[in-house]
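These notes are about the structure you will find just below.
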Amino acid sequence: MDSDTRNTSELLHKLKIDRQAREEPAGISTKSAVILAFLMTAIGIAIGYGVAPDTHEQSTTQRSVSAAPAKAPAQAAQSDTPLSKTTESNAGTAVLNASGYITPRLVATVSAEVMGLIRTVEVEEGMAVTKDQVLARLDDTIASVSLKQAEANVSAAKSRLASSDAVLEEAQRQARRASENKYSSELEKTQAVTNLATAKANRAGALADLQSAQYEAQRRAEILDDHTIRAPFSGVVTVKNAQPGEIVAPSSAGGGFTRTGICTIVDMDSLEIEVDVNESFIGRVSAQQKVEAKLDAYPDWTIPASVIAIIPTADRGKATVRVRIQINVKDTRILPDMGVKVAFY
């Protein structure tokens, strides 16, 4: 029994944890960690001192490299004009790109010179017209009556002139007879001369009335002709602004229900390109300079062109200068107000 108790105590003693032996390795591990941290800090400081000069040199190099491009704009600004001349000789490189629109130089909204009711409109959008072709007709009833009245006044004036001529001839005969007759008294001679002068004055008045009537008839004829609207030049109708039954006038004096135009005509032979070039790069553009254009609608089609002129004024708001470009080909695909991109060579 005693032996069993002793064996059990020995076993329990073996199983007991020795706290002193457990804490000793922990103390050694902490010291090792402190030493290792100290060594790593020292190594890091040493490496930092060793690398710092290289970093300074690298930053200096970067500053010098980044400072070099700062001179590029000044050099580019100084070489704008020479660049344009150089690239003109080398047609393969564009000196400037810009965008703009197709613009007609000859375009007109055709209106009437008189106010009137539209009877007929004889054109449609897309129709080609020639110069003096009839576009529309206005109600000319009153104008026609006025012309007939003026023509009647001309006829009456001619009749009065003929009567004045007859009176003048008779006065001339009486004056000649009175001057040739030896037995005529001074009173008869004086009366004959007076009648002759009166006849001449009446004849001059009748002639003036005739001329006035003729001028009035001519004016009435022109007013009647103004009721027929004709094309001022050859072109294509792009907009039809009025319909039969509407009122048309030279201006909007008739209010919101009055049309100011019959239609809009564009001369397709006057199409050109207008672009706005930034004033900083206008030195790269010159008259007669070669240009290649591409319509936004046909980006694969290169259109040969050339500079017509540089408009000698700048847009203060946009800081741009307008440039006119001539299109060197005629093609039905080129339409007014199309977007276009151009390259100057």
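Each Cβ is built from the backbone N, Cα and C atoms, and glycine gets one as well.
The model shown is predicted, which means the values in this text are computed figures rather than measured ones.
Residues or ranges marked as coiled coil in TrEMBL: 154-188.
Feature annotation from TrEMBL assigns compositional bias 'Low complexity' to 67-78.
Positions annotated as compositional bias 'Polar residues' by TrEMBL: 79-88.
For 107-249, the entry in TrEMBL reads domain 'Multidrug resistance protein MdtA-like barrel-sandwich hybrid'. Looking just at the domain 'Multidrug resistance protein MdtA-like barrel-sandwich hybrid' (107-249), the mean pLDDT is 91.
As annotated by TrEMBL, domain 'CusB-like beta-barrel' applies to 273-344.
Taken from TrEMBL, the feature region 'Disordered' covers 58-88.
As annotated by TrEMBL, transmembrane segment applies to 32-52.
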Check: Counting by DSSP, what is the helix, strand and coil composition of the domain 'CusB-like beta-barrel' (273-344)?
Finding: 3 helix, 40 strand, 29 coil
